[in-house]
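What TrEMBL says about this one:
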{"type": "TRANSMEM", "residues": "A:24-46", "note": "transmembrane segment"}
{"type": "TRANSMEM", "residues": "A:84-107", "note": "transmembrane segment"}
{"type": "TRANSMEM", "residues": "A:119-140", "note": "transmembrane segment"}
{"type": "TRANSMEM", "residues": "A:183-204", "note": "transmembrane segment"}
{"type": "TRANSMEM", "residues": "A:225-248", "note": "transmembrane segment"}
{"type": "TRANSMEM", "residues": "A:260-283", "note": "transmembrane segment"}
{"type": "TRANSMEM", "residues": "A:303-324", "note": "transmembrane segment"}
{"type": "TRANSMEM", "residues": "A:344-366", "note": "transmembrane segment"}
{"type": "TRANSMEM", "residues": "A:378-400", "note": "transmembrane segment"}
{"type": "TRANSMEM", "residues": "A:406-426", "note": "transmembrane segment"}
Amino acid sequence: MAEVHVHYDLNEKYTFTPELKKKLMIGMGVGLVLLILGVILAYAGIGFGHHEAHEAGKAAQEATKHAEGGHHGATPLTRLWANLWLNGVFFTYIAAMGVLFVAIQYVAYAGWSATIRRVAEAFGAFLPFTAPVLLITFFLGGHDLFHWTHHDLYEKGKATYDPIIAGKSGFFFFPLEAGSFPLFWLLRLVAFIGIWYVLYRVLIKNSVAEDYLTDKTDFSYHKRNITIGAIFVVFFGLSESVSAWDWVMSIDTHWYSTMFGWYVFASSWVSALAVLTLAVVFLKEKGYLKMVNENHLHDLGKFMFAFSIFWTYIWFAQYMLQAYSNIPEEIEYWVARHDGLEGVYSPMIVMNVIINFLFPFLFLMTRDAKRKEIFLKITAFGILMGHYLDFFVMVMPGTVKGNGGFFLMEIGTLMLFACAFVYVFATQLSKQGLIAKNHPMMEESLHHSI
Amino acid sequence: MAASKEPKKYLVGIYDHEDKVVEAVKKVQKDGVKVEEVYSPHPIHHIDTYIGHPRTRIPIAAFMFGATGTILAITMIVFMMKIDWPMIIGGKNPLYPPTMVPVTFEATVLICALGMVATFLITNNMGPGKVEFMFDRRTTDDKYALVVDLEKNTKSAEEISQILIKYGAETTPPPRIVEKS
């Protein structure tokens, strides 16, 4: 309800201060140290597997469940690969979902988000950093992470021959021989992230070029981006689903869920919205984005609220049908996350629903909560942690089995990735104006009111 | 029908454009006229805050009805599946929590929606068989009516009429007094 037309500084630029750079560098350093420390300690038997019982503080209740039992040879190194893979996938999706947000704003002709578009645009810059992490992790630790990479599964007549996985081999190894080099799988990984990134660069290029227009009625860049956005939305909708099967579902090779693509989408989309909200709120606190008022925040809050419920719907639909029908090939996935594997993951799956559903549902329900920065900050942070946990529960049981847990290695990797993400994000943000000032619907965004 | 009450007098100014009526609401109040209500053929964004209406409490009603639905559903399921006729389906405990969720969800949404509609109809004196009093029939077509309760204003009808006209009310016919019992 801006009664008086306030003139905002649309030319403002974000400066990535040396202090923040230093802090993030320290954060990455600490993360790396914790990660290495975690690996060393894990080899020494601290914070890993059976030996957790000897450790005083952390996860005592978990440790009691660690009765002697046959783990499937998960070494501390497996846990390192799993952590790298988990964070790589999680942050790839967050980065890609930022691009999706921008693309959707274009395709939907959305005006409200014009002032925060640049913030979402900066997400995609992290894609070229996560893609190598995924590739390197796969080449170094693929055998530990992915059961389907073992070639003896595909040799007929051998005791290890697995007809179910052999039936799925084309999905991984096409056109090569089953059990050799997963060309099709790797090509998809490279192609998906590559195409997302290329489309992202085109979006950015047009978006920045729009800033230098002298003719304010020239919408050609915007129109071009609507086309690119439409292409991205369609391509991403298809490829994200397949990538979720590739990167996450294939860890539990026998298991399948037809909802998995949307499930991963819902989880990472709401995470990206949480990151976007956090970024906008922090930028506002630093004195940027003066034109973003509680109405824009309300929209972001509604997004988080709505997609938290969407995630719950997908998660629950997937869970209930499989838990109720109790088919062996489906239920093994959930057994591993409940009482199986000595129940390591059973508190996590309960926490998953509480943090990702009950917490945002009750916390963000009122209109006032969605309009206050402090509420949004708390919920966004909670949701982000909750969905990291969701990915954790997706990746860990299938890779490190009962040797999982949350200790130095997990904290270190998460810190490393989070600080790197913020670093790349802030660098990208400082490259051009913080506001897409020649956005055709800028006025609408400035007067946005709900 | 308690029709023995004295009819209340309202002054109705007619406007022919949304922008005019929104401007009038803001400016008329600055001149000290208390606006009762604005009638429009379509919803006008934020008109309630311009008039100074308190925020709707329907979300609170919605939450209450929703909570009622949740409790009702859980009570129903527990009664049916545990007390009255326990059934084991798919080898699961009769009160296997995930299976309670869909019914609970549906009952929550149903009671919430029906309750909200009922609350809305009752508070607005609407519903089947009720005929809404209209200050001006043209507000269902292409006119906007700004209604002023004369009892709540200290100014005379003439003065208010002048103010309404000053901010764009139609002069042919000028704002008129409508009685509502």
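Every residue, even glycine, has its Cβ placed from backbone N, Cα and C.
Whatever TrEMBL says is automated annotation, not expert-curated.
Here the structure is a predicted model, which means the values were calculated and not measured.
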Interface-richest range of A:24-46, A:119-140, A:183-204, A:225-248, A:303-324 toward the transmembrane segment (A:260-283), CB pairs under 8 Å: A:303-324
Top Cβ-contact partner of the transmembrane segment (A:378-400) among A:84-107, A:183-204, A:225-248, A:406-426 (pairs under 8 Å): A:84-107
For the transmembrane segment (A:406-426), distant same-chain residues with Cβ under 8 A (at least six beyond the ends): 14, 16, 20-21, 24-25, 27-28, 30-39, 41-42, 47-48, 58-59, 76, 79-80, 83-84, 86-88, 90-91, 94-95, 122-123, 125-126, 129, 279, 388, 392
